[in-house]
Amino acid sequence: MAKTKEHINLAFIGHVDHGKSTLVGHLLLKAGAIAEQQLDDGENKFRFVMDKLGEERERGVTIDLAHQKFSTKKYDYTVVDCPGHRDFVKNMITGASQADAGVLVVAADDGVMPQTKEHVFLSKTLGINQLIVAINKIDLVDYDEAKFNELKDEVSALIKTVGFNPADVPFIPVSAFEGDNIKDASPNTSWYKGDTLMQALDNLAAPEKPVSLPLRIPIQDVYSITGVGTVPVGRVETGVMKKGENVIFEPAGASGEVKSIEMHHETFETAEPGDNIGFNVRGVGKNDIRRGDVAGHVDDAPAVAKEFDAQIVVLQHPGVITVGYTPVFHCHTSQVACTFLELTAKLDPATGQVAEENPDFLKTGNAAFVKVKPTKPMVIENAKKIPQMGRFAIRDMGQTVAAGLCIDVTPAK
């Protein structure tokens, strides 16, 4: 079967109890991607679709990223249902960096929460340039237009601060549970004349596929499949991989010929950016590669950094960041502790101009140029050359302390 429609990866972001999973579940139902009988009865029937993992069902929280597909007349979508609880922000980071567009879910009865702000900021830093805002649970505020407008103003102000133009962002009153304005216009919001959620999704611009950039596939998992062998799984970020080509995994160093490529249980001869694939490489075993490795062509291998220069924004740090600080950097699918070697310059966050050379410390709200050294080999690349491989978030003490972009790499070899 040929791949015909263009494909969009969609991240659902927002505060934990604002109804992301329920909205995704109802969207999948309306789009015909799941049957009614797959749903539980009662309050949480739509969320169940996304929360397949047993542990999640017990806790009632979405933990891992659930890749779900649905289609409209225009596009094929893969939903990256991004977890909302604070300790899962790092999942969101690896999730959001895989998304072409974001749906920000804000509950009408609860409004903008601190986490809402953090998710908006991170998604912009991690490369989401298209946004749809779903004002959810509109049924709980009696479909009140004034309440919707109040929230629209509040969220507009928030997204403007990180560089979205509110005029380009659809704001949609929805009820994830009742189904208002998901597929069809709801009679309960006769005051609303804009698109439904599915119409707004079809108005997104398909991402231009970075096919001319070098091949990069960050590995999410490695499986052993009977009759096939070792199957690394990941999303093609850039470039094109064809069956029969030789690829190398860095920093592991393992290489071999691509024997097969599979996506959603179908085999393909090639894989392009945006494709979530499993593939098999001759001579590469399960113990040779792991999550966080990156596959590329042998003649243009992913860069392993000895150290790198970066531009960061400190989002929230209870103290100060100084030389020697060693938090965990989350870049594509890798998580590696990196040490701050030098604080090169503090920047004016409004203009990006240097405000102070070699500052003694950085604190919440500061933007800066820094030099860091990974404590073990990791792939990270200049964000100007390969943006998908140059974005990262910095985590410490169970929270995201900073986010940034790699601007130069000193290669390890």
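Every residue gets a Cβ built from N, Cα and C, even glycine.
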Completion exercise
The residue range that Swiss-Prot labels region 'G2', out of 60-64, 90-94, 295-299, is 60-64
Practice task
State the residue range annotated as region 'G1' by Swiss-Prot; the candidates are 14-21, 38-45.
Solution key: 14-21
Completion exercise
Swiss-Prot feature region 'G4', matched against 136-139, 192-195, 232-235, 244-247, maps to 136-139
Fill in the blank from the handout: For S21 (Mg(2+) binding site) and G14 (GTP binding site), the CA-to-CA distance in whole Å is 11
Completion exercise
Three-class DSSP assignment, G14 (GTP binding site), comes back as strand
Problem - Secondary structure composition of the region 'G4' (136-139) [DSSP: H/G/I, E/B, coil] - result: 2 helix, 1 strand, 1 coil
